[in-house]
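Q: Please read through the structure below; I'll follow up with questions.
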């Protein structure tokens with residue numbers, strides 16, 4: 001049994017030699033820590049030619065940005081590795097490959113994706129990957145369908161629910177998405193100029209009832225093994241390729257949460273674009289985002305329904321028409337969760353570069369305000385938006 | 001460690017002496033096996049005066065009515081005991097008291113309720129317990145609220161979900177409630193004269209989509225620790241008293257399932273009454289059942305909301321108005337599950353004495369047909385019935 005210790009770069013190299021599954025492990029010579037997250041060490045392991053060959057990721061026992069004062073379970077490394085391994089089984093094209101993981105060291109060795117770039121950065125710079133949204137829809141359909149009650153034997157499903165119970169990481173979501181922005185909390189983070197907008201969130205009873213309902217669904221509806229944090233910063237893209245990473249929030253939850261998080265991050269980019277590009281380029285990029293959202297949902301829904309037709313094993317859930325009926329529920333959930341993502345990324349602890357890197361302060365505030373307004377509207381009218389096309393119409397209405 | 005063996009009457013007496021918590025255990029002299037279920041041995045343990053003092057219940061490793069060909073996990077004794085102990089904590093007045101249980105022997109020692117009678121028998125004979133429906137509403141509100149996300153810390157709730165995962169017993173419900181009646185299956189049990197009515201269930205696409213949705217909620221919505229089988233045969237009543245027993249189907253599921261099962265059994269009695277009583281008495285007893293249903297739901301909903309106001313610990317779920325919003329969802333679920341109970345008790349494996357003991361064959365068939373018609377209607381129009389009063393109006397419409 002390997003006892004937990006924080007890896008040095010040299011530890012990471014040795015570990016990668018041993019567990020990286022490379023033909024020529026001795027070619028690995030050095031490591032560079034590249035983690036930009038707050039929870040983990042991420043080492044790129046290079047060979048003698050300076051080529052990055054493999055990744056070693058280790059969970060830290062605390063939240064890095066806050067320091068060691070916010071301890072966080074190392075078990076999330078197990079949950080992340082198991083979620084990615086499970087998702088890889090169902091969507092190998094769009095899930096990072098895990099070569100090895102050790103629950104004691106809270107470490108995993110995985111595929112190097114240096115040929116790819118983080119989608120969020122590309123979206124901000126205006127680089128368009130026209131296939132990405134459809135591939136994300138495929139990833140979500142395959143991973144969520146195959147871990148759902150449509151496909152799994154009820155005994156296997158229940159065992160999976162137990163295996164993926166993830167109290168500490170879920171608690172972060174429960175707090176940051178559904179509590180903090182709707183109350184005065186020291187974790188909240190927004191410019192003083194937005195105080196009136198944020199106070200309006202706290203004083204909107206109808207909004208708070210809708211948010212409570214979303215939190216309750218997040219708490220209680222074990223529909224599929226979610227990624228749990230599928231935003232554009234946990235997605236790598238390249239020409240014709242998309243790979244999901246960073247699944248430490250994986251647990252059995254409502255399918256609409258993954259869909260809503262993904263759409264929400266495309267909308268956050270939509271809100272921020274005028275801060276990064278000229279008027280015409282921003283307008284064009286915004287149209288791309290709206291197309292992305294439609295393609296993401298429509299691809300997801302079509303693939304999920306096709307899988308349901310071909311592979312549903314539950315006798316009752318195979319009733320003709322049920323999968324599309326269920327997808328209406330998923331869609332309504334997704335719109336609501338999308339709204340909470342827009343708000344928590346504008347008001348809460350953790351922001352997105354799509355808006356936060358906007359240099360012009362007035363513009364940045366305008367974009368934040370836009371995200372809050374849009375988020376609030378989506379949460380409240382979620383059950384009146386029937387299609388991706390109608391969502392797009394609503395986004396235009398609030399823009 | 002005690003290895004499993006099926007108890008004889010003498011074993012049960014010895015066990016009760018040891019674990020019954022009685023002041024004078026040596027007074028126990030004999031046992032009588034009184035189990036009328038198919039899954040368990042139930043011994044009443046008598047003292048020398050012939051007074052029943054305590055109950056010893058042991059799970060059998062197979063379904064009794066079918067013989068040893070249908071094996072069934074002994075772990076259900078643990079689940080039953082733990083569910084009853086948990087429910088007793090929150091509703092001691094209305095839950096049978098467990099003195100001791102042994103998971104290896106699959107045995108529990110519990111309070112004797114000889115002063116009480118099974119509610120179903122009383123309902124059939126026309127004996128009215130006017131407080132019973134309100135007490136059942138209290139039991140359901142207390143047990144379901146205190147095991148829900150409103151009250152439990154999210155970590156504790158998730159641990160409870162894992163503890164109460166109950167694959168084998170849930171599978172029985174999944175099959176008998178949601179599959180069998182809607183397909184040709186050897187377990188189904190109905191008179192040939194009803195073939196057209198039953199075939200209509202199999203051929204009703206809208207009904208099957210609604211049943212699929214209910215099954216999916218049963219599969220995936222972990223709202224509270226359900227009793228899981230709270231029909232009038234698992235409830236003891238006496239003047240001013242009501243006690244729930246038989247919780248081997250306990251698991252974390254949708255609150256509406258318990259409510260719907262309870263209401264469904266009152267409606268099954270409603271359907272059967274003309275077969276047991278004269279016209280005037282049956283009409284009066286039917287009015288009592290409709291009153292019972294209104295009182296059950298209204299008591300449950302008022303108590304649940306009062307508990308939510310006073311004791312909700314989750315910051316988001318305590319939003320004013322959320323508990324009543326959530327109860328709309330519970331009510332819609334309950335109507336749907338109630339409909340599936342009416343149908344599965346008329347068409348499926350396990351029937352109720354309220355209808356099956358009707359001597360006149362034509363009358364019995366008429367009552368079965370009534371239950372099927374009513375069940376089908378409730379499943380399909382569940383989301384259009386807004387209150388207990390409206391449910392009663394609909395029941396009159398279909399009677």
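Placed from the backbone N, Cα and C atoms, the Cβ positions cover glycine too.
Since the structure is predicted, the reported quantities are computational estimates derived from the model, not experimental observations.
Sequence annotations record features per position, and here TrEMBL assigns domain 'Aminoglycoside phosphotransferase' to B:32-263. Among the features that TrEMBL reports, ATP binding site is placed at B:40, B:57, B:111, B:112, B:113, B:246, B:247, B:248. According to TrEMBL, the feature substrate binding site maps to B:229, B:344.
Describe the structural context of each listed feature in the structure shown, including burial, neighbouring residues and relevant distances.
A: Residues near residue B:248 (ATP binding site) in space but far in sequence (CB under 8 A, at least 6 apart, same chain), listed by position: B:39, B:40, B:59, B:76, B:77, B:79, B:80, B:83, B:169, B:228, B:229. In this structure, residue B:248 (ATP binding site) belongs to neither helix nor strand by DSSP; it is coil.
Residue B:344 (substrate binding site) counts 25 other C-beta atoms within 10 Å of its own C-beta, drawing on all protein chains shown.
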Q: Checking the spread of the ATP site as listed (B:40, B:57, B:111, B:112, B:113, B:246, B:247, B:248): what is the longest Cα-Cα distance, in whole Å?
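A: Farthest-apart Cα atoms in B:40, B:57, B:111, B:112, B:113, B:246, B:247, B:248 are separated by 18 Å.
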Q: If you measure residue B:111 (ATP binding site) to residue B:344 (substrate binding site) at Cα, how many Å is it?
A: 31
Q: Whole-number Å only: compute the distance from the Cα of residue B:113 (ATP binding site) to the Cα of residue B:344 (substrate binding site).
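A: The Cα atom of residue B:113 (ATP binding site) is 29 Å away from the Cα atom of residue B:344 (substrate binding site).
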Q: In whole Å, note down how far the CA of residue B:344 (substrate binding site) lies from the CA of residue B:246 (ATP binding site).
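A: Distance (Cα to Cα, whole Å): 19 Å.
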Q: As a test of reading the model: what is the averaged pLDDT for the domain 'Aminoglycoside phosphotransferase' (B:32-263)?
A: 95
Q: Mind telling me which of the binding-site residues B:111, B:112, B:229, B:246 has the densest Cβ neighbourhood, counting other Cβ atoms within 10 Å?
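A: Most Cβ neighbours within 10 Å: B:246.
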Q: In the three-state scheme derived from DSSP, which category covers residue B:344 (substrate binding site)?
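A: Assignment for residue B:344 (substrate binding site) reads helix.
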Q: Could you work out which of the binding-site residues (B:40, B:57) has its C-beta surrounded by the smallest number of other C-beta atoms within 10 A?
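A: With the binding-site residues B:40, B:57, fewest surrounding Cβ atoms within 10 Å: B:40.
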